[in-house]
There are 2 protein chains.
Amino acid sequence: MSSYRPIGPVVGMVGAGQLARMTQQPAIALGVELRVLANAPDESAARVIVDTRIGDYRDLSDLRDFAKGCDAITFDHEHVPTEHIRALAADGFTVHPGADALVHAQDKAVMRERLTAIGAPCPAWARVSGVEDVTRFAGEHGWPVVLKAVRGGYDGRGVWVCRTAEEAAEAFAAGVPLMAEAFVPFERELAVLVARSPHGQGVSYPVVETVQQDGICVEVLAPAPGLDPERAAQAQNIALRIAHELDVTGLLAVELFDSGAGLVVNELAMRPHNSGHWTIEGARTSQFEQHLRAVLDLPLGSPAMAAPVVVMANLLGGDDPDLFKRYEHVMAHDPGVKVHFYGKQVRPGRKIGHVTALGDDLDEVRARARHAAVYLTTGEYT
Amino acid sequence: MSSYRPIGPVVGMVGAGQLARMTQQPAIALGVELRVLANAPDESAARVIVDTRIGDYRDLSDLRDFAKGCDAITFDHEHVPTEHIRALAADGFTVHPGADALVHAQDKAVMRERLTAIGAPCPAWARVSGVEDVTRFAGEHGWPVVLKAVRGGYDGRGVWVCRTAEEAAEAFAAGVPLMAEAFVPFERELAVLVARSPHGQGVSYPVVETVQQDGICVEVLAPAPGLDPERAAQAQNIALRIAHELDVTGLLAVELFDSGAGLVVNELAMRPHNSGHWTIEGARTSQFEQHLRAVLDLPLGSPAMAAPVVVMANLLGGDDPDLFKRYEHVMAHDPGVKVHFYGKQVRPGRKIGHVTALGDDLDEVRARARHAAVYLTTGEYT
């Protein structure tokens, strides 16, 4: 890289998964020089980004080397130690989101404390250090109790829905700090994606419905079908308010339970999010472009939808490692469906790509996305 | 690159300009491993493509090294010697378009011979080897006579509109083989972009109007405003027919003069084309994705428009090398405009990027695109 002279602003993204990979697409258009910190040269984003540095995101000296020359540092995941982010900022590097914001996406107990303080709707919750705490919590709020790893869980990992003290004991066997939340009997899950720039400009994408299987998002419907406009506005306001109160810079995804009676915040993420992949074709500004604009403190792009209905379906690895041989059928069957592969080896259950369909009619668009996703991953014709 | 193992199909594109750069965006989504042959590591596409090889596209041994391991070879420009393309095919490499097709985009006299033979509408034309030939041609078809370099011209270079024998003599002073064409008094210029796969599947994008200044395309209006639907269908049929007759694989751009009385073919290109940049946001399948699908012999994608009106305006370098400082205004002024920078140093008159606007009303969309383009390149507020 020694002879390489950047022309545009340099954004360094720590992590080289599919989120960094997809961020490269708008970076190419914007003339933003995207740099990633990868664990290994064959990671998803490393395959498509020239300025890939290999290093350990848990090592402050690797992070410092990586940050040199970047106009902004941001993240493809939440796993960089909070104290390292503080250290980078103290060095004078521009980091978005900052440590004081990001900690709310890293530490679920800190997040619950803060959301409770600002009046955002949360389930009953408590820090718990053993089964007795859980039993006490259940005495007040009833079983089941949801135990969550305070740090490090994702895609359903680090979450235990416990119906008894015995099940709670099994969760503690994982040996990580846990917190308890009351189980929310929800009708469906929603997500709101907002972006906020250091200037304080905020925009919200339409509220979407996320469909989960075994704790993993399998489908996103944009906009959330049949959602009452007032409740949609309420969800967007919650997300924009959290972004403002927590001083989030970049994207904020707020996952919500829709309990019928009201909305409850489930999780926060401060990066491009699976619930926003539909925006690549489905919105005038993709979430990945929006994140780059936000972390560079550029004016934000229009979040308007590019079609009345957009459905995204995740591709979860099956038993067959070769997806490409089924490409042909999917493309021939539906010339309008958009396929995204992440350049990852297929492993059962692993997110290896997604498909997006756009149109006017939810049932039709959803059937198209589902057909493509099921066929690509299993070879079954739905 | 020794440890790098491709997961998806490998497409090798000879040349590393902005067309290859923009092809990387859909390659990322499709999981296609894009490799480019660059002259230097700081070229437009080399900045965003990991598998960049440095070499000389005029050197057969460089081309052979480059082609090894590619599932298909294609081109970002027309300058690879025809005989080298034949040699690669003889080696067993898959090359799209093939030499017998591509020669029609390389050699304007061969193109005119063939188009005349298949009955595609052409101006009167002749091979000329000196001023006397031009005078004879003018005697038959009148002045002005358009002299064109048979090979190698682009963006208005290699074209001389001659009103007298003296002007024709100046053109011959360039020392390259020329041909003569009758001047077509056109009302406007149109372009049709079609794709054709080795299987023979063909699709056509809507006909667009291209606005030129000094022989360089500055603006593309999609669809061509006020174009009679019959004439639009005629233009699409001409392009699809040429693609079929010439056995084009990949994209074919057909530039047409609309003389009011009828259509006349001006130029052919067999690659992604400036007249198709609007498709990145403006069509369900961008021309760059379409080209990858075609050269891999995959089913082609939908060319349907994503909005009623799309306008693309080129960014031509001005005196100021720093475009990025004007980013902010353009993005704040119009959150819906899409900016594409090519990662090239600014030089006066050089194509360094483009902007695209989408909407419902031509005048409004055109004004938005123009504002962004003029402001980005000159700092003037229109």
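The backbone N, Cα and C atoms fix where each Cβ goes, glycine too.
Residues annotated as ATP binding site in TrEMBL: B:Lys108, B:Lys148, B:Glu181, B:Ala182, B:Phe183, B:Val184, B:Glu189, B:Asn266, B:Glu267. Residues annotated as domain 'ATP-grasp' in TrEMBL: B:112-296.
Take the CB of B:Lys108 (ATP binding site) and look out to 10 A: across all protein chains shown you find 25 other CB atoms. It is B:Glu181 that, of the binding-site residues B:Glu181, B:Phe183, B:Glu189, B:Glu267, has its Cβ surrounded by the most other Cβ atoms within 10 Å.
Largest Cα to Cα distance within the recorded ATP binders B:Lys108, B:Lys148, B:Glu181, B:Ala182, B:Phe183, B:Val184, B:Glu189, B:Asn266, B:Glu267: about 18 Å as a whole number. Mean model confidence of the domain 'ATP-grasp' (B:112-296) amounts to 95 (pLDDT, 0 to 100 scale).
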